[in-house]
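Over in Swiss-Prot, the protein carries these features:
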| type | residues | note |
| --- | --- | --- |
| ACT_SITE | 135 | active site, acyl-thioester intermediate |
| BINDING | 17, 18, 19, 20, 166, 167, 168, 169, 170, 171, 172, 173, 174, 298 | NAD(+) binding site |
């Protein structure tokens, strides 16, 4: 349980009382020693997320961001998680950023820089608005980065397969933004010269655990380089599992030579060395079942990543003088 009304904690609000927002709220309450729930914000007064928040003693509003601004404790809230939709986040940011609130965006809006904690948690500590990419991005970009820090990656493709039951209306409304934002982050954070992202909502019953496939076309003609790629991936998997315990390799890492007649130039970005090998990584992400059952690893990796980043900036937020809020 977090420390209620502890002056050393940072008060946070969650906008969006759906699957992601509710899971995040539960994580803050149960597991964070430096964050304290200051508000849960929704637009549906009958939503399960708002009902749970009320039962847990968290201040709530069903009037969206306007309702948040009107809450008595709003001035004390330093960090705001946005778990709504890409379109809604743009409107929310326009209202909240001028007030000096730090925004952590869990939608694919990508108004601020991308943060994938295992790769670049320290790069954007002072950014007023950061974007957590997507669940598929949080699961796969660390792997692309693990390869690209050892060998050039001409092309990286990620496929995220999630249980249909775990995808709420916000996720479904953002499918196009999901693929665009994830592909962009595969390049900018993962280090691939060209990136592609695919999401699959699997309707199988019983629901299947989140599965992710990462394919990288890399320049690794030397056996020592290929060995270093394996070690780099294994180290990265362990790093992500440090904050997402259900994150693991589903199969052994596969590195295969690209046949000479394979037209990989149609995928690879122009310029740079020609790829010699395909690196295939198969992942499974089991959820912690804080809100939805354990098949919803996509919720877990997204909210765990956001929590990790928020906790990493908590000391910065508490150290900043209150009158500098608008310039932080």
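Cβ coordinates are placed from backbone N, Cα and C, and glycine is handled just like the others.
Source: prediction; values computed, not measured.
Structure with Swiss-Prot features highlighted.
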{"residue": "17", "record": "NAD(+) binding site", "DSSP (3 states)": "coil"}
{"residue": "135", "record": "active site, acyl-thioester intermediate", "DSSP (3 states)": "helix"}
{"residue": "166", "record": "NAD(+) binding site", "DSSP (3 states)": "helix"}
{"residue": "172", "record": "NAD(+) binding site", "DSSP (3 states)": "helix"}
C-alpha spacing of residue 135 (active site, acyl-thioester intermediate) relative to residue 172 (NAD(+) binding site), in angstrom: 13
Maximal Cα-Cα distance (Å) across residues annotated as binding NAD(+), namely 17, 18, 19, 20, 166, 167, 168, 169, 170, 171, 172, 173, 174, 298: 17
Inter-residue C-alpha distance, residue 174 (NAD(+) binding site) and the residue listed as 'active site, acyl-thioester intermediate' (nearest angstrom): 12
Spatial separation of the residue listed as 'active site, acyl-thioester intermediate' from residue 166 (NAD(+) binding site) - C-alpha basis, Å: 11
All-chain count of other Cβ atoms within 10 Å of residue 166 (NAD(+) binding site): 27
Nearest-integer angstrom distance between the alpha carbons (Cα) of residue 135 (active site, acyl-thioester intermediate) and residue 19 (NAD(+) binding site): 13
Around the Cβ of residue 170 (NAD(+) binding site), the count of other Cβ atoms that are within 10 Å: 19
